[in-house]
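To keep things clear, I will list the structure first and then write my remarks on it.
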Amino acid sequence: MAAEDHWKALFDQFDPDNTGYISTEKFRSLLQRHGSELDPHKLEVLLALADSNSEGRICYQDFVNLMSNKRSNSFRQAILQGNRRLCSKALLEETGLSLSQRLIRHVAYETLPREIDRKWYYDSYTCCPPPWFMITITLVAFFLYNGVVLDRFVLQVSHPLYLKNALLYHPQLRAQAWRYLTYIFMHAGIEHLGLNVVLQLLVGVPLEMVHGAARISFVYVAGVVAGSLAVSVADMRAPVVGSSGGVYALVSAHLANIVMNWSGMKCQFKLLRMAVALICMSFEFGRAVWLRFHPSAYPPCPHPSFMAHLGGVMVGITLGVIILRNYEQRLQDQTLWWIFLSIYVIFVLFAIFWNIFAYSLLDLKLPPPP
């Protein structure tokens, strides 16, 4: 607030009548006098905004939004206008950076398609808070429960304790609502756990560094819930384990964002890395399909379902893409956000009613409870 008050006082010097606007000439004069107090990339965007403003005046609220990094349409306008007028060297060409600065620059090029976005993120990122969500849910939740409570890091589907725990989703126990989320803490084999952990950290942590814990955790949890609900609707007799719903939501959103902004994404070896990611995901999905139809070690209960993967993908290419495409913009201003969010809510409500009524109406023979 102190910084905002400082800039408000400077702005008011050029706006004695308190109209909320100053001319672009006065705005440029303000920047020239006090530009040394700004990050160079932020100053670059503000100058570009002054150059391209067709009304000949600058709104104070636009200026404050830009200075405070608020997600707003005014930020989007400045970014788009400034992007056409950038003339300085690219962030990738800057030298003399520390290790942490190079890491932040690397993350920017991995996730953001426009150079002005990358520069803005590079100047704004403070690592406070750190990407705690993905690290916590991966390292603490997975290994704390499996390693301390169960005295092992992973349970194979042939292990006697595989079904006898309070975490996995089981159709006979679908009234226990927490299981629609907690199934992510159990995995069907070390290869299942290993691939999910690797993808979750390599993709999830950089995305959280850029887009924040709130947005990335929303995509992840939405993928997890969609995964278990998809199993309860489309594969009604099967249990489900693993974090593939959340992981596939993040990875599919990231890959779709790269494809949609192919020319702007400057990450190295992007075609090769996309191919490797798709191969790994296809291998893990193929393994899940094979395991689902393999003879069960605990008949008549089948092996875990693969439908959670597909539920996660659907969340990733809808809600996830909208979130990743709108860096530092308010989601509530995006029409597609409300459309996809409404579709997701309708699916969740449909699945809830399906779980309440369909199982009895269809008279399914469910496997016995564990």
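The backbone N, Cα and C atoms fix where each Cβ goes, and this holds for glycine too.
Per TrEMBL, active site, nucleophile is recorded for Ser244. Per TrEMBL, active site is recorded for His309. Residues or ranges marked as domain 'EF-hand' in TrEMBL: 2-37. Marked as transmembrane segment by TrEMBL: 132-155, 216-234, 240-259, 271-293, 305-324, 336-362.
Listed in sequence order, the residues of the same chain lying 6 or more apart from Ser244 (active site, nucleophile) and placing their CB within less than 8 Å of its CB are His192, Asn196, Gly227, Glu284, Ala288, Ala308, His309, Gly312.
For the transmembrane segment (305-324), the most Cβ-contacting stretch among 216-234, 240-259, 336-362 is 240-259 (pairs under 8 Å). Contact counts against the transmembrane segment (271-293), taken as Cβ pairs under 8 Å, peak for 240-259 among the stretches 216-234, 240-259, 336-362. Around the Cβ of His309 (active site), 25 further Cβ atoms fall within 10 Å across all displayed protein chains.
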